[in-house]
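S.K.: So Swiss-Prot has the following annotated:
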type     : residues        : note
ACT_SITE : 20              : active site, proton acceptor
BINDING  : 15, 66, 68, 114 : tRNA binding site
SITE     : 10              : site 'Discriminates between blocked and unblocked aminoacyl-tRNA'
SITE     : 93              : site 'Stabilizes the basic form of H active site to accept a proton'
């Protein structure tokens with residue numbers, strides 16, 4: 001079986017460490033811990049790394065299409081590697097959750113997230129696994145765009161690093177157990 005784990009974010013140094021890029025941060029941490037590296041694949045508009053874990057090929061992906069077009073890269077890679085949507089996991093930010101809270105889900109709507117909207121539109125289903133990382137709501141008077149494209153303050157970055165450690169553990173547990181249900185029971189709460 002082959003699986004694909006996608007972290008959502010925006011490419012380029014301008015967006016590094018922004019709230020909208022916690023999906024990229026999570027996948028970066030996973031590949032670092034596994035001692036693998038990304039290769040830019042211009043045909044698929046993505047950075048792709050891979051490893052064998054428990055006799056399964058796992059692709060780690062960071063689309064380079066910008067958030068709102070993430071589905072282009074995801075669909076192209078799923079098709080090329082013949083990966084089922086049931087073997088897709090997407091990690092992304094959620095502004096309706098408190099900073100640093102994580103939640104795993106099996107399926108669901110985009111919830112207003114443009115990267116998830118793009119993936120659903122391109123792959124034709126909402127039925128794929130997700131890990132949401134809370135980035136909190138904008139403060140009074142701040143636009144959503146300025147909030148998600150803003151960087152974490154020092155205290156929130158500490159909280160996010162703890163959350164990224166938890167996401168790392170959750171993904172590794174998921175890859176060992178091969179069960180989103182067990183992973184949800186273990187890490188949602």
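From the backbone N, Cα and C atoms, a Cβ is placed for every residue, glycine too.
Describe the structural context of each listed feature in the structure shown, including burial, neighbouring residues and relevant distances.
M.R.: Taking the Cβ of residue 20 (active site, proton acceptor) as centre and 10 Å as the limit, one finds 23 other Cβ atoms among all the protein chains shown. In three-state terms derived from DSSP, residue 20 (active site, proton acceptor) belongs to a helical segment.
According to DSSP, residue 114 (tRNA binding site) sits within a helical segment. Sequence-distant neighbours of residue 114 (tRNA binding site) (same chain, six or more apart, CB under 8 Å from its CB) are 67, 68, listed in sequence order.
Listed in sequence order, 18, 20, 21, 66, 67, 149 are the same-chain residues at least 6 apart in sequence whose CB falls under 8 Å from the CB of residue 10 (site 'Discriminates between blocked and unblocked aminoacyl-tRNA').
Here the Cβ of residue 93 (site 'Stabilizes the basic form of H active site to accept a proton') has 26 other Cβ atoms within 10 Å, regardless of which shown protein chain they belong to.
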S.K.: If you draw a 10 Å sphere on the Cβ of residue 68 (tRNA binding site), how many other Cβ atoms land inside?
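M.R.: If we count other Cβ atoms within 10 Å of residue 68 (tRNA binding site), we arrive at 13.
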S.K.: Residues other than 15, 66, 68, 114 within 8 Å, Cβ to Cβ centroid, of the tRNA site?
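M.R.: After dropping the recorded site residues, what remains is 10, 20, 65, 67, 69, 70, 115.
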